[in-house]
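Participant: Annotations for this protein, taken from TrEMBL, read as follows:
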- A:8-70: domain 'tRNA intron endonuclease N-terminal' (DOMAIN)
- A:80-163: domain 'tRNA intron endonuclease catalytic' (DOMAIN)
- A:183-248: domain 'tRNA intron endonuclease N-terminal' (DOMAIN)
- A:258-340: domain 'tRNA intron endonuclease catalytic' (DOMAIN)
- A:Tyr288: active site (ACT_SITE)
- A:His299: active site (ACT_SITE)
- A:Lys330: active site (ACT_SITE)
Protein chains: 2
Amino acid sequence: MSEEPLLGRLESGKVHLGKDAVKVLYEQGYFGRPLDDGLELTLVEAAYLLDRSRLRIEYDGHILSFRSFFELASSFEKGFEFRYVVYKDLRERGYYVQPGVPDFRVYPRGGHPGKTPAEFYVFVVSERTPLPIERIVEPLRLSSQMRRRLMLAVVDEESDITYYEVRESNPSGRTESAEPGGQATLLDDRVVLWDPKASERLHKHGFYGKMIGERLQLSLVETAYLLERGMIQLVDRSGVPVPLDELMRRASEIEEDFEMKYRVYRDLRDRKLVVKTGFKFGTHFRVYKSVDAEKRGTHSEYLVHTVRVDHVFHLPVLSRAVRLAHSVRKMMVFAYSDDGVEYVEVRRLKP
Amino acid sequence: MSEEPLLGRLESGKVHLGKDAVKVLYEQGYFGRPLDDGLELTLVEAAYLLDRSRLRIEYDGHILSFRSFFELASSFEKGFEFRYVVYKDLRERGYYVQPGVPDFRVYPRGGHPGKTPAEFYVFVVSERTPLPIERIVEPLRLSSQMRRRLMLAVVDEESDITYYEVRESNPSGRTESAEPGGQATLLDDRVVLWDPKASERLHKHGFYGKMIGERLQLSLVETAYLLERGMIQLVDRSGVPVPLDELMRRASEIEEDFEMKYRVYRDLRDRKLVVKTGFKFGTHFRVYKSVDAEKRGTHSEYLVHTVRVDHVFHLPVLSRAVRLAHSVRKMMVFAYSDDGVEYVEVRRLKP
């Protein structure tokens, strides 16, 4: 770039340039916002252009070095360093980027401001910042309303960036409901269905439980669902019937979040999905659109993890969950239950 | 099996059989412990043989059905159901299994009691049981002393079993130490080294930081290490020097466990390993035996996660970490620091 760098003034957290900058910076690269009397750059845009020697910046009677500008900007704006590395990375990948809500708007390849709508809203977060679920749900609602996709850019402690797309999910399957089974006994934290025929039927048609010899071991969520739907009878070790509310009470003693987990289990089963434990993947459930119990090795499509409505995501944990889901070719879905049950899918983006 | 089933008596939590059982059950299959007057079976062994019709069990004047025996046994012994599914699974895989500490001893293929020493000590846990680190370290010490391997058998809510081997680890690398760099500025939660030559040197020889343009961004642990080893000078935004203890104090405000994490970082670096953030894998560090910064795509051998000495493992989380490490062909190592730093590797076993 052999052009003479333009001169800007740092003032009230923005960098202001004259009218000539509109042609050079805005029209050629969609940097800044054109105003009546010139062009206005955010600190992030200005740092990017300063680093490329497209700009000189005057402040308090001095021309700032990159180091001085960077130190100033990072003291003016919380999170400046994070936004800078993300902005720089997206720009260097060839995208036009404008400031927006929550942090940036990114235009699709071949598009630019004034020609096409933005494709993504970008939300920049530090790996270290715990992220309450509503801080994801809010921009997600906004993006959906505006028909934009939501990109989460997570900056780690070494300034590497991982991009995610967050979107609403509406999983559904095509499993037929299983036929009623027989009597089962509640042991400490699991349940055994004794009748070999009933066991086989429930296992084969709904992929409920696990056959241990000729008997079916059911988990507590499976038992609650089958009991609520009238498909088994449950007794304790002395043969006394255990009604649903009693099972719920005992299960909640064993597992703190049982009720929350069961609400999601039931919703997924009611959506004709087959739901099994996701223990091997570190999530609550692995979920199949349909299962042929005869055929081994059917692939589950989703990993579903249930979180409270006031859940706070720790990004290293989120990162691990999504990475693991991808490594086994499944979608990572978080479910939270307010009134109904909501599903949010998080997947890795490679912009 | 057309043999007439043997008759045993359930008494004080064991099943007792006559002398004839020694020949039939012990000598042919290494079930039970021979005593002067017969053979003694644990409840788990008895349930296994009862299910295979090799045994009838008398209790309180009655012959018990499998269901009655199972319900009784599970009320006598906490964790009976878990041990039963693990015992059954290992037996069906063709291993000889004897009761032991913590739960079972497993003999190597081709070996058996009286001929060969056991290969594994087996520790059976429910997916749901939180596991304090000392409950892993204790049997690990015992196993090492006895020169046995330690197997952790985790039973999930659907009675599927995942086997892990837990062992002491002693990672070491072969990186040469990097040459001293220059002056760096502490920003909010990261550090920038401004001199391009010093930046390149530290990045190239020690794989420290990340080059952002011509400048090196360092993480807080990297900065603390380089500062402690006298390889950089650190100043704040106003140019005032920041000594190590002040950096440690500020870093601990940003990250609660900074000191613990730094102790492990330093130990790993001192072991001539190259240590980078493991954020993308959901762990504290990814660790390389050596790194050629010229060559892209060097593979890190370990994922290291730092835990407190009173850490409690939640098995779904452990499962996810180990599974993820395997999916990227790395060893999963947990580090905890008491006096020095100890490393424990957990890996999946397929018996």
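Placement of Cβ uses the backbone N, Cα and C atoms for every residue, glycine included.
A TrEMBL annotation is a machine prediction, not a hand-curated record.
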Participant: Against the domain 'tRNA intron endonuclease catalytic' (A:80-163), which of these stretches has the most C-beta pairs under 8 Å: A:8-70, A:183-248, A:258-340?
Facilitator: A:258-340
Participant: Please report the Cα separation of A:His299 (active site) and A:Lys330 (active site) in Å, rounded to an integer.
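Facilitator: The separation of the Cα atoms works out to 9 Å.
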Participant: Including all protein chains displayed, how many Cβ atoms other than that of A:Tyr288 (active site) lie within 10 Å of its Cβ?
Facilitator: 18
Participant: Along the domain 'tRNA intron endonuclease N-terminal' (A:8-70), what average pLDDT does this model show?
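Facilitator: So the average pLDDT across the domain 'tRNA intron endonuclease N-terminal' (A:8-70) works out to 95.
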Participant: Sorted by position, what residues of the same chain at least six away from A:Lys330 (active site) have a C-beta under 8 A from it?
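Facilitator: Sequence-distant Cβ neighbours: A:Phe281, A:Arg286, A:Ser300, A:Glu301, A:Tyr302, A:Leu303.
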Participant: Measure from the Cβ of A:His299 (active site) and count the other Cβ atoms within 10 Å, all protein chains considered.
Facilitator: 11
